[in-house]
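Structure, as structure tokens:
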């Protein structure tokens, strides 16, 4: 009987062990199959391109290289952004060990201005239906700052061109105008032969424009894309729809979704830093890398309005701390805000003349508070503050909100008016110095006396004189001063 039970137990243990072995083998096989399948890292670029975007993109490339990803896919919808951030992203992409596909998606998205450069620099350029790209003219040509950014590009300067080019989107910023592309063939021919090409009016504008043209043509030639249309996008701010971009060899793929994109580029050869690479994307597993708290924080701090407000709070925090030493809270908040503002200004295109005017203006306003000048310093400070605030951001892509500037200026003006009112009120009061300040103050009788005795006034022992008898502890009021003797009367007017 015992042997039968023992045999049954052995059988149970055997079958359980076999089942565990099979399950372990299956899990290992699935893990190996997934590793052999490979992965594609999916990123999202939505909004203006700035320092936070650049940091997010380069961290994504590092993760892709560390994990051995086969491909990085960036889903993009951008109106443009800062030139420095865009060039950092392109440099990282060109030297990346992992191919990068930029995919303008979903429908209604755009790759305007800096987005066009990124699309040309990518190893695979793809767009979804009902999207567009273009308007890559440096906005500095229009009087702005950063290259290339979000702005209102100028129209071609040659008024002798009477041929209308249908569908060219001169603004480059309206994502709702999905049909804003030019007709196929309108701009594909070399624009260098056209008499109305943009060359810039000043030497600096020409340098900026020619630099942008050479840059985007080099990117186009590297990946075998339409360099002539790229030049037209820079010189004339032309645009193309997704279908037209595919027909004119501006992009590589027109894909309805991510799966369609991966299927179409499977087997495609791309140019890498160390040669060519054949993509194997048919069965890639997609892993997402979304913006984390660090990226979100950088986006908030590098917002020009936030950086500007942090600078103001930091400045006034330090002023309050210096005027009230030991309070600690204003100084701590001020230092933190000022450091965050300085970090933001380090990565933003700041006009340092504007920053200097802001600091001078704030200094004059503080000077008005410490040394009233009937509004001369205060008014000069407000004017310098407003002008400096408007000049602060050296780019059309990033501007300080005028309502924010106006609100802070009004607060400063209100503070100045309050200081002036207080100062004028003090000037109208009769001058009272020394012993005259004691008149009308209360004192306490130290002993019973009639005629002369002693009282305590402001914590000090004074000689006192009274025409009425006074009792110890009685409250009296000072009505006159004779040298070091005060004349007092009972508070209630009687003895």
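From the backbone N, Cα and C atoms, a Cβ is placed for every residue, glycine too.
Heads up, TrEMBL stuff is auto-annotated, nobody curated it.
Going by TrEMBL, these are the annotated features:
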- 1-33: signal peptide (SIGNAL)
- 51-143: domain 'NfeD1b N-terminal' (DOMAIN)
- 139-202: region 'Disordered' (REGION)
- 155-164: compositional bias 'Acidic residues' (COMPBIAS)
- 173-185: compositional bias 'Low complexity' (COMPBIAS)
- 305-421: domain 'NfeD integral membrane' (DOMAIN)
- 306-323: transmembrane segment (TRANSMEM)
- 328-345: transmembrane segment (TRANSMEM)
- 374-392: transmembrane segment (TRANSMEM)
- 398-419: transmembrane segment (TRANSMEM)
- 436-490: domain 'NfeD-like C-terminal' (DOMAIN)
Cβ contacts under 8 Å made by the transmembrane segment (306-323) with residues that lie 6+ beyond its boundaries: 300, 330-341, 344-345, 348, 358-359, 362, 366, 389, 392, 400, 404, 408
Helix, strand and coil totals (DSSP H, G, I; E, B; other) for the domain 'NfeD integral membrane' (305-421): 93 helix, 2 strand, 22 coil
DSSP helix/strand/coil residue counts for the domain 'NfeD-like C-terminal' (436-490): 3 helix, 38 strand, 14 coil
